[in-house]
Amino acid sequence: MACESCMESDNKSTDATMEFLLVGFSELLFLRILLFLIFFIVHLVTLAGNVMIFMAVVMEPSRPPMLFFLCHLSVIELCYTLVIVPKALLSLIVVDGSTISFVGCAVQMHLFVALGGAECFLLVAMSYDRYVAICQPLHYVAVMSEGLCLRLAMACCVGGFAIALGLTVAVFRLPFCQSHRINHFFCDVPAVLHLACTQSYIRELPLLAACVLLLLLPFLLILTSYVCIASALLHVTSSVGRCKAFSTCVSHLAITFLHYGCATFIYIRPKVSYSPARDKMVSLVYTNITPLLYPLIYSLRNKEIRGVLRKMLRRKKIAQLN
């Protein structure tokens, strides 16, 4: 993108008093109200589903590793939707877009990338849990101890927040043109990079590095885990046992493909192929629909979650009767 009117200096162009204008969906004249109602309902259902899973797991006295990781996944999804969706809903009802400060934009980007990165790492931890459960069943209890699960969860969060901090600092140190109109409903990395007064691909290296660390490397680790799982299942003589073991991985695989599929489509591509209208629609689905599918997938496919939810509802019914 050519820069016709850059700021006088890089420091001034990224002054903390600067504001960005989030254009949002101003081009959708007649569909905004309908989309607002749809995604507002989706947002409420998503919050309710994740809160229900979180409360059910917390109230369960004995929590196996998979439930422990699901509890953390629900917390991440709750924070993730609260960071992005309210601003998205606002963009659907404000005609001329909404403003966000330079610091607010940086904070929103950091939290969005950090929570998404923590989820990527958490999916790796969950794949390792499935690997140990299927490939080393006799050592499962000893290996997947409570201490290890807690350390893995903390490492996921710290890793995601550290990489996101580096990416956010690198992006907001770029010189921006005088036009601060972000053609998006939140401060997404490609949309902000599109405003940078530079055509150099060196400026995209932080995003490339973050994609390698948050997307490519975790996906390769998950793929390695499932290659080992598939190899182990080939040696299982009983077809019933093989299907039962694989069924414990279906929900995790579904969420992995949803998460990495959308993220890869948006972030792993050159800057020249950036399309604001397409990105906004994909991001709207990515930040609203996929968080709704996560609790639905785990509630339908995971026996442990279904059992815990039944216990919670049973306790609630007994409390009401008493």
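Note that Cβ sites are derived from N, Cα and C of the backbone, with glycine treated the same way.
Listed features, source TrEMBL:
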- 49-298: domain 'G-protein coupled receptors family 1 profile' (DOMAIN)
- 29-55: transmembrane segment (TRANSMEM)
- 67-89: transmembrane segment (TRANSMEM)
- 109-128: transmembrane segment (TRANSMEM)
- 148-172: transmembrane segment (TRANSMEM)
- 207-234: transmembrane segment (TRANSMEM)
- 246-269: transmembrane segment (TRANSMEM)
- 281-300: transmembrane segment (TRANSMEM)
Contacting positions for the transmembrane segment (67-89) when only residues 6+ beyond its ends and CB under 8 Å are counted: 22, 24, 36, 39-40, 43, 46-47, 50-51, 53-54, 57-58, 60, 98, 100, 108, 111-112, 115-116, 118-119, 122, 125-126, 129, 146, 149, 153, 156, 185-186, 284, 287-288, 291, 294-295, 298, 302, 304-305, 308
Per-residue pLDDT averaged over the domain 'G-protein coupled receptors family 1 profile' (49-298), given as an integer: 84
